[in-house]
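Below you'll find the structure, written out as structure tokens, and then a few comments.
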């Protein structure tokens, strides 16, 4: 199996008439990486995938696969294989014919094709199911057949366009693990498109978060969650509480911001924005629900927020407490269930504290819509 | 068990009153408008052509003589074959097949283009333009074609104007007008079933095949045509059946020396007033076309149920 080929997007801009679907995207994907494009629907992530697969040419910029410029090279000539959102299995061909279709195109004999299809069927744990029709398989099995069909041509890069979106939750979670395993086994570059942050974070080596045609951040899933570069990333990936305010003082990567409700708060500046915040700027501070806890009496007021409880929900492994935040937004605090009966009473005024290292601040900007 | 389910679902969906009404109407249509007339034709075809006074009398018995006449040309001897009528029969069947095949080749690219362009305004306009000529009566359309194909018709004038021919081509005598007329008469019945199935093809399947390097030929052979097969067969069945049974086009566009089998049937009924003989000819035509259609469906592995899709 190949060791994985790098994919580079250089200043890619893609326009459809007056509409700019992708704006000046620069992405370097290492060979053998599991790389995800994460963003809400309509953010241009599928358009990028189509530019890599060759179904459309970028209006500006270059797509490089393994260092080779792909301009003018059609989808059939690129070392990529695409898995469609609806899988696009051929319903009238048997499973093994589906898997070996690329070999049929290349003129391989039926015996050769059957042999390779059976090998791939064994790999995806569907040995002996080659003579069925796709319609006789379950959703997860079809999924695996689509992967086998794409892998049959020995592509250098596998492109996946939200292939798990049609599956139910349990199966989707199972397929995440399986996809990651398959990727590590075959060792080729996977480019994965999704709007589901859970999928992106669990499977990927690196994630690009996109908003309205623009890539906001490219980093590991861990860094994207902990150090979001923009308010959009902070609010799109995972749950987050936002506090608006003005910068009161800055020292290195720490800042104090003055919020409307909770006074002056100490916070960390997100790494991508260090040096870009000045005193008096509008800022947004984000604290994750799990980073908030009930404050002891002597807590430092610079890392304490007080708010009235709206209500409380029992989630099984945790309690979610919703409090009044600013601008009509609720503050959510997540408290692990360690056998407490309840955390709060409705209407009660609570003091919450956090570690300054768990609060990230950045210049104010657009949030992800719910 | 399964049949029972279909029936109870049918009544659940439509209500008892509406369900009974629908079944009643369909039954009426089937029994009184299709089955009974055909049965009476079948009955006629096995009887002698007797004067009215003897109908129901001792001479009114069943016989195979009408069928013998088609094959041997005589009710009594088996020495000679009825070459004239048999030739007309074979020619009709073969010509109807050719018309059908011609229509398949003509309609497939058009149906693919229409089906894959996902109902844009331009395509809807094209479809309307295709339908409008069919508001005109079949006989009028046949006469219009006769005028176009005539000695001093539009086509010959154009060919001579372009110096492609020095004297008019006799399209009528060479049966070109007949085949063009037959092909044109039922072409929409080929186009629309094809268009419907091709429109339902998931475009991603074509892109997936293209991504795997398939040529256009292979994409059509392996993906589009197998998907469109029920539509193609359904269209082909209708065009073949209707062409073989056409009367207006052969009557108006046929050359003087070429008869269509339906014209023989017509002559027996209308000119010779021998309904029994005409019925036998008609039954032979009907049975042959049904057998041919079923055989073709068997060869191409299409079920009756697929056609209704």
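Just so it is clear, glycine is given a Cβ too, placed from its N, Cα and C backbone atoms.
In TrEMBL, annotation is done automatically, which means it is predicted and not curated.
Of the given residue ranges B:176-198, B:199-221, TrEMBL assigns the label transmembrane segment to B:176-198.
Annotated range for transmembrane segment in TrEMBL, selecting from B:65-82, B:119-136, B:137-154: B:119-136. Not one residue of the same chain 6+ positions outside the transmembrane segment (B:15-36) places its C-beta atom under 8 angstroms from a C-beta of that stretch. Against the transmembrane segment (B:176-198), stretch B:88-113 shows more Cβ pairs under 8 Å than any other of B:88-113, B:119-136, B:278-300. If you look at the transmembrane segment (B:119-136), the same-chain residues 6 or more away from its ends with a CB under 8 A from one of its CBs are 144, 188, 191, 199.
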